[in-house]
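Student: Submitted below is the structure of interest, expressed as structure tokens.
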């Protein structure tokens, strides 16, 4: 008996991207009311001038659906044609069920295969790699991938090393069959030896529910802690901590090597590259990677972090959408994407912009 | 074995490239943060470039002690010998 196996499209491509940016704009003047810092310090250390913080109604579900609807519309397909939904997030605070299932249903992709992954700030590139493989293997035809975070739910707004960086938002893409090569080989991996560089401080089983800490708003929570510094609010709600300098060094140099390998794997030289979209972690990391990669001056560089902060898994699709909408980049251009973050995990690939 | 002046001169080139500090300002008695206005992220970049240039390893906990150009030059000379 010969077992039948699946076979899919020869190539896959990004067919459309879409983003959702929370309404509330938080500028550096507000941030410096929470941390001992200055607008100038924040801008020179990170490039960030403002970021978006989600309001209570801008949930993981709501932002994901809004971003994915735009991506599906731009891809020119119907929601019912989507047969797989993958969500990457580290801030969906309900572990089970995966939020991908209810997102698929609300999108109108009822019945699609749906699951969540945790690859932190590398999540989008991890999902593109998986979607590319699913489409080419014939397991799926149209995959929706969504990077979505409410990082402010796990931000200590008095932490000088993270409060000005973390932000909220969602970015989605549709990946489907292509007649021509449009997603290069992924170069990815992890380094558990450095797991302690970016972590959640407390496990959930010791956490005090958010509503007991002043509500689903980081400012109200910080106020509750300030009112009662010895109380339970201060004690055990987890936050994300980051050891900035070693992360900066790893991201700037080890990741430049990974990015170069992704270009090599795709057979693209720096001169052929048109757009560089690294995870929007910090403009200084982007600058250091750009120098280390020796990219030509004409390459368009994503700087979405300036206005939207670091949105982890959402940052790359949000940055792509910004470049396409502003006209700085255009459909059909060759772009290098690379994500890197808590784990440590990383993934990079060359893509053709949708 | 490079002389102290050669190490200082090579390090000055790195500091210039990373942080835009004029090469002649990078003297042994100068503090990176106080005198040369090098911030912590630029310091990470300078340390990395110095590791590559001089073939030495400068662990994170050591780099915190390198306050002046002279501290860094002395560390590199010790590590390279």
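Glycine residues also receive a Cβ, built from the backbone N, Cα and C atoms like all the rest.
What TrEMBL records for this protein is below:
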type     : residues  : note
DOMAIN   : A:115-192 : domain 'Beta-ketoacyl-[acyl-carrier-protein] synthase III N-terminal'
ACT_SITE : A:121     : active site
DOMAIN   : A:263-352 : domain 'Beta-ketoacyl-[acyl-carrier-protein] synthase III C-terminal'
ACT_SITE : A:279     : active site
REGION   : A:280-284 : region 'ACP-binding'
ACT_SITE : A:310     : active site
Student: If you count CB neighbours within 10 Å, which one among the active-site residues A:121, A:279, A:310 has the smallest count?
Tutor: A:310
Student: Where DSSP helix means H, G or I and strand means E or B, what are the helix, strand and coil counts for the domain 'Beta-ketoacyl-[acyl-carrier-protein] synthase III C-terminal' (A:263-352)?
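Tutor: Its residues divide into 34 helix, 23 strand, 33 coil.
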Student: Provide, as an integer number of angstrom, the distance between the C-alpha atoms of residue A:310 (active site) and residue A:121 (active site).
Tutor: 9
Student: Where residue A:279 (active site) and residue A:121 (active site) are concerned, what is their Cα separation in Å, rounded?
Tutor: 7
Student: By the DSSP assignment reduced to helix, strand and coil, which category contains residue A:121 (active site)?
Tutor: helix
Student: What mean pLDDT does the predicted model reach across the domain 'Beta-ketoacyl-[acyl-carrier-protein] synthase III N-terminal' (A:115-192)?
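Tutor: Value for the domain 'Beta-ketoacyl-[acyl-carrier-protein] synthase III N-terminal' (A:115-192), mean pLDDT as a whole number: 96.
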